[in-house]
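In TrEMBL this protein carries:
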- Ala12, Pro13, Ser14, Gly15, Ala16, Gly17, Lys18, Ser19: ATP binding site (BINDING)
- 5-183: domain 'Guanylate kinase-like' (DOMAIN)
Amino acid sequence: MEYPGNLFVVAAPSGAGKSSLVKALMELDSRVQPSVSHTTRAPRGQEVHGREYYFVSQDTFDQMVLQGGFVEWAQVHGNRYGTSKQALEQRIKQGADVILEIDYQGAIQVKRIFPNAVLVFILPPSWEELRSRLERRAEDSADVIEVRLQNAANEMAHAKEFDFVIINELFERALFDLKAIVHAQRLKYAAQRNARSDTFRALNIT
Ligand SMILES: Nc1ncnc2c1ncn2[C@@H]1O[C@H](COP(=O)(O)OP(=O)(O)OP(=O)(O)O)[C@@H](O)[C@H]1O
Ligand SMILES: Nc1nc2c(ncn2[C@@H]2O[C@H](COP(=O)(O)O)[C@@H](O)[C@H]2O)c(=O)[nH]1
């Protein structure tokens, strides 16, 4: 029998490094799978439809909202983003550990629907470094970078509502912390399931 997988949610202000950390985690751990969101924003850099996002029109997004197609959706930096209900529920049911890279509003909505979801907030080490990462990434215009920095203060004020906060100063240290959270959740979940296992019965643990 296949047990349902775990759900991890990673949020951060733009440029803090969540995509880089999640990508590195998935390269090390094939049990962690991404959820590809839908967005009304235009593709940026080398982004590919169906890989980073499903890039859809405003009308298509509206239709999905009306049909209840999203587990959560939110307006972020002037565009809309949503997590497809069908794809997420199917993957978790199949036993995958799914990781969502979404904003804090979406994270809070997900926690209401999936109380066992583990919410992780990534902080940059400083405002200077956050700006510098967005500028070095060189994928957004100066205007877009300013909007994202202005929104960052409000986003970071929600960090305390998350289960864990990681400071992404040294990348390898932050990745270690993220891996530890995933590992700890798996052990916790396994302990709950093992309450009915042969080993528990053999040890007379009830
Ligand atoms: N610890 C780190 N030290 C230095 N640079 C980093 C670190 N982590 C990530 N970066 C770099 O910072 C930039 C922003 O990272 P990334 O794109 O992962 O951010 P993000 O939080 O996913 O942003 P967005 O929400 O806009 O997609 C990238 O160029 C990335 O290589
Ligand atoms: N609530 C949701 N937020 C999402 C989703 N997918 C991405 N995001 C967040 O939007 C911002 C901007 O992303 P970018 O790719 O334009 O830099 C960032 O905070 C993402 O995490 C989603 O499905 N729901």
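For all residues, glycine too, the Cβ spot is worked out from N, Cα and C.
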Ser14 (ATP binding site) CB neighbourhood, other CB atoms within 10 A: 23
Contacting binding-site residues for ligand 2, chosen from Ala12, Pro13, Gly17, Ser19 when the Cβ sits under 6 angstroms of any of its atoms: none
Packing count at Lys18 (ATP binding site) (other Cβ atoms within 10 Å of its Cβ): 23
Three-class DSSP secondary structure - Lys18 (ATP binding site): helix
Binding-site residues near ligand 1 among Ala12, Pro13, Gly17 (Cβ under 6 Å): Ala12, Gly17
Residues near Ala12 (ATP binding site) in space but at least six apart in sequence (CB under 8 A): Lys18, Phe121, Ile122, Leu123, Pro124, Glu155, Asn168
